[in-house]
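Undergrad: Here it is: the structure, laid out below.
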Amino acid sequence: MLKKYLSKVIKGEHLSQEESRQAMQIIMNGNATDAQIGSFLTALKVKGEISEEISGFAHTLLQHADRVKHSKPVICPCGTGGDTKGTFNVSTTVAFVLAGGGVAVAKHGNRSVSSACGSADVLSQLGVIVDKSADKVSEEIEHLDIGFLFAPALNKAMRVVANPRKELGFRTVFNLLGPIINPAQLDYQLVGVYEESLTEKVAEVLNLIGVKQAMVVHSEDGMDEISTNFPTKVSEMRNGKVKTYHIDPQRYGFKRGTLADYQGGNPEENAKIIRAILNGEKGPKRDIVLLNAAAGFYITNKTPSITEGIRLAEKTIDSGAALVKLEALIAFSREGIENAC
């Protein structure tokens, strides 16, 4: 059944959103062979995926996910990964700052595949139980304003494409879909992408799947984060419209450094970095967390500007509120809410 969609893509023709939904449904239902899946992903890569296709795929994948229900407007700060820069877990650290500042966070992540340390790896090292049911994550968000969604536990249908993706060995549309298919059905998103050319496309996709407001970023020094060293391209989506601009970190008083300033390591090393930042240690690692958290506060309307967002991020860390969220998540994931309050 996948053959008719494969034939169309091989000819260089785009799929509609509905055709994309149907094609992904065939794959997720186990009605396509590994060879067909690999050929389909390769043909899409060669043709170039359009936003309607990516959003169609995302809709189907979200239907197959274990939904995380909640009553709060939520954000997920995350990246596609694959920028090969070896930085510490910036977006994971940002998640605790946002939660400490009063923004509900549904942090979606996985263990490392190509880097030294994924978000699930570092959270496990910090003491968080990451492999949980959707109901447990819902309770985390409701009671703590932060929950961790372990992708393999909540997106089990994705296993059907694991072997074809591994055998292909190059980036496919699934590298973009990872941050997009958050089972918490996000209101807001702060997404880093591995290529500058992808920012507008991913912002359009987020609009098509129902995200209210989003920032999609890629820095001039090649990171899927907002850099404090060089300007970062931002495609901001609000009210169904996308505008693109650049954030110049020097405008906000950050000193220019090098990528080495952000270097991380294994889970143990990155856990120490996160604790140091949340305990108030100053330096370039704190600075990049401040700037990215500020973007999160801004896109969720918590603050009217990046400048105000930086001030709130500083206050949240220095008051200990961000660290409290980390300790609460550790306690709740292990023992329950009575030990997290």
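The backbone N, Cα and C atoms fix where each Cβ goes, glycine too.
Just so you know, TrEMBL annotations are computer predictions that nobody has curated.
On a predicted model such as this, the values are computed, not experimentally measured, just so you know.
According to TrEMBL, the protein carries these features:
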type: DOMAIN; residues: 3-65; note: domain 'Glycosyl transferase family 3 N-terminal'
type: DOMAIN; residues: 77-323; note: domain 'Glycosyl transferase family 3'
type: BINDING; residues: G79, 82-83, T87, 89-92, 107-115, S119; note: 5-phospho-alpha-D-ribose 1-diphosphate binding site
type: BINDING; residues: G79, N110; note: anthranilate 1 binding site
type: BINDING; residues: S91, E225; note: Mg(2+) 1 binding site
type: BINDING; residues: R165; note: anthranilate 2 binding site
type: BINDING; residues: D224, E225; note: Mg(2+) 2 binding site
Undergrad: Looking only at the domain 'Glycosyl transferase family 3 N-terminal' (3-65), how are its residues distributed among DSSP helix, strand and coil?
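TA: With helix first, then strand, then coil, the domain 'Glycosyl transferase family 3 N-terminal' (3-65) has 48 helix, 0 strand, 15 coil.
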Undergrad: CA-CA, which of the binding-site residues G79, T87, N110, R111 lies nearest E225 (Mg(2+) 1 binding site)?
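TA: Spatially nearest to E225 (Mg(2+) 1 binding site) by Cα position is G79.
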Undergrad: When the Cα-Cα distance from S91 (5-phospho-alpha-D-ribose 1-diphosphate binding site) is computed for each of the binding-site residues N110, R165, D224, which gives the smallest value?
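TA: It is D224, whose Cα lies nearest.
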Undergrad: Of all the binding-site residues given, H108, R165, which residue's CB has the most CB neighbours within 10 A?
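TA: Ranked by Cβ atoms within 10 Å, first place goes to H108.
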Undergrad: Fewest other C-beta atoms within 10 angstroms of its own C-beta: which of the binding-site residues T87, S91, N110 fits that?
TA: N110
Undergrad: Nearest to G79 (5-phospho-alpha-D-ribose 1-diphosphate binding site) by Cα, among N110, R165, D224 (binding-site residues)?
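TA: Ranked by Cα distance from G79 (5-phospho-alpha-D-ribose 1-diphosphate binding site), first place goes to D224.
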Undergrad: Nearest to D224 (Mg(2+) 2 binding site) by Cα distance: which of the binding-site residues T87, H108, N110, R111, R165 is it?
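TA: Checked the binding-site residues T87, H108, N110, R111, R165; minimum Cα distance to D224 (Mg(2+) 2 binding site) goes to T87.
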Undergrad: Taking only same-chain residues 6+ apart in sequence, whose CB is under 8 Å from that of R111 (5-phospho-alpha-D-ribose 1-diphosphate binding site), what do you get?
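TA: Expected: G118, A120, D121, P152.
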Undergrad: Roughly how many Å lie between the Cα atoms of N110 (anthranilate 1 binding site) and R165 (anthranilate 2 binding site), rounded to a whole value?
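TA: Cα of N110 (anthranilate 1 binding site) to Cα of R165 (anthranilate 2 binding site) measures 16 Å after rounding.
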Undergrad: Determine, from DSSP, whether T87 (5-phospho-alpha-D-ribose 1-diphosphate binding site) sits in helix, strand or coil.
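TA: Where T87 (5-phospho-alpha-D-ribose 1-diphosphate binding site) sits, the three-state DSSP reduction gives strand.
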Undergrad: Would you count the other CB atoms within 10 A of the CB of E225 (Mg(2+) 1 binding site), including those on all shown protein chains?
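TA: E225 (Mg(2+) 1 binding site) is surrounded by 26 other Cβ atoms within 10 Å.
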Undergrad: Under DSSP, is H108 (5-phospho-alpha-D-ribose 1-diphosphate binding site) helix, strand or coil?
TA: strand
